[in-house]
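**Q** Pulled the feature table from Swiss-Prot, pasting it below:
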- 16: active site, proton acceptor (ACT_SITE)
- 16: anthocyanidin binding site (BINDING)
- 338, 353, 356, 357, 358, 361, 377, 378: UDP-alpha-D-glucose binding site (BINDING)
- 1-22: signal peptide (SIGNAL)
């Protein structure tokens, strides 16, 4: 029997690579081979980190193309030119690959690689979008460009869109806020126009039916398919206890003392974990406020602070003024295995930027959240966490758009102090952890949805 082969065209950022690799592993388990298509920069970083030491599983191969930025985009680089070069060079590479490799029967692409769908269409290869944000966010974008722009732009405190809960302006994706440059809205419009080029576009979403039942059915024009949570099996259904990482880290985890060993010394549900993802960089003044808030809580904490380097690769961050006190009370690392941390019994709460991967991971591990959203989908994710699922609280920004240390303290205590709100948040966190695992279980909705999708791939 000839095995099917799906090509995964994946944007070279950790937030896209992690769910794409996990999706690839699920395809492999179902008997479908995978070609992982990404940039040279991402491929090199993935190949050089410890997570890649075990090698590729059978049926998975990597194809890397040069986007002109093989050493990555510098912190002060031209993002617009970067995306333009990515599209031009990536399209050419994918076109040649599909022309010369007739084994590929289906293309699945990241939304920042929407051009991959256009190339697939030219090559008469069917495609689907792998959406790595909540279905709710895709619905908001869709309705904005399909009749609801005036209502959303009006800045009302109660924006009502079809089949979605009421939204206020601060909970919209930041691409739709008045202060965001128009080119970002146009970029998202182009992504949706790519989907509109299909008769009934398929969108694979890193969510599950019970989590977003209304959003998954809100757009008649598209077929939204919940296939998540896309996280390693050891932290979800337990089908493969050895699968403890995504397998494609762009950054090495900290070698200075083992985070898990440190957590082993702490009481159950006592530690505050603080991480703002692989991209976000706060100014020093904001970092000082976060530090003050953690010290005021008086609880042990694990704080992941990425090393910040300038265009010449030199470290440029200054030490926090309270670094000595912070190191006495908690542990600061430059990188760690987030899932191992979230799954540890000592974890009591997660202070996060609310990137969707982090949101899904905390939900799947049953960890309450303090939401500190900054941009993109994070603001909507925070709304869902606080109001729809009840698994956390969202910080209140000060007049300057930052977060005071006292607000960090207030929110951490709200989910950690054992009071009525704390108990409710923890009960909800456990409930959604159970539902997430059920979704990927043997009779779960996501597994059924994935199998139905693969049946369609087989007929392609």
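Glycine residues also receive a Cβ, built from the backbone N, Cα and C atoms like all the rest.
Owing to the predicted nature of the structure, the values given are computational and were not obtained by experimental measurement.
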**Q** Rounded to the nearest Å, what's the C-alpha distance separating residue 358 (UDP-alpha-D-glucose binding site) and the residue listed as 'active site, proton acceptor'? Just drop the number here, would you?
**A** 12
**Q** How long is the line from the C-alpha of residue 377 (UDP-alpha-D-glucose binding site) to the C-alpha of residue 16 (active site, proton acceptor), rounded to the nearest angstrom?
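**A** On Cα coordinates alone, these residues lie 13 Å apart.
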**Q** When a 10 Å sphere is centred on the Cβ of residue 16 (active site, proton acceptor), how many other Cβ atoms does it contain?
**A** 22
**Q** So which binding-site residues are near residue 16 (active site, proton acceptor), with CA atoms within 10 Å, out of 338, 353, 357, 361, 378?
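**A** Near residue 16 (active site, proton acceptor), where near means Cα within 10 Å, the binding-site residues are 357.
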**Q** So if I draw a 10 Å sphere around the Cβ of residue 353 (UDP-alpha-D-glucose binding site), how many other Cβ atoms end up inside it?
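**A** Summing over all protein chains shown, residue 353 (UDP-alpha-D-glucose binding site) has 21 other Cβ atoms within 10 Å.
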**Q** Return the count of C-beta atoms lying within 10 angstroms of the C-beta of residue 377 (UDP-alpha-D-glucose binding site), excluding that atom itself.
**A** 26
**Q** Work out the three-state DSSP category of residue 378 (UDP-alpha-D-glucose binding site).
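**A** The three-state answer is helix.
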**Q** In the structure shown, which of the binding-site residues 357, 358, 378 has the fewest other Cβ atoms within 10 Å?
**A** 358
**Q** Does DSSP put residue 353 (UDP-alpha-D-glucose binding site) in a helix, in a strand, or in coil?
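**A** Coil, per DSSP.
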**Q** Taking the Cβ of residue 356 (UDP-alpha-D-glucose binding site) as the centre, how many other Cβ atoms fall within a 10 Å radius?
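**A** Looking across every protein chain shown, the total is 23.
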**Q** Can you tell me how spread out the UDP-alpha-D-glucose site is, meaning the largest CA to CA distance among 338, 353, 356, 357, 358, 361, 377, 378, in Å?
**A** 20
**Q** Within 10 Å of the Cβ of residue 338 (UDP-alpha-D-glucose binding site), how many other Cβ atoms can you find? Include all protein chains, please.
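**A** So the number of other Cβ atoms within 10 Å of residue 338 (UDP-alpha-D-glucose binding site) is 24.
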**Q** For residue 361 (UDP-alpha-D-glucose binding site), just count the other CB atoms lying within 10 A of its CB, please.
**A** 26
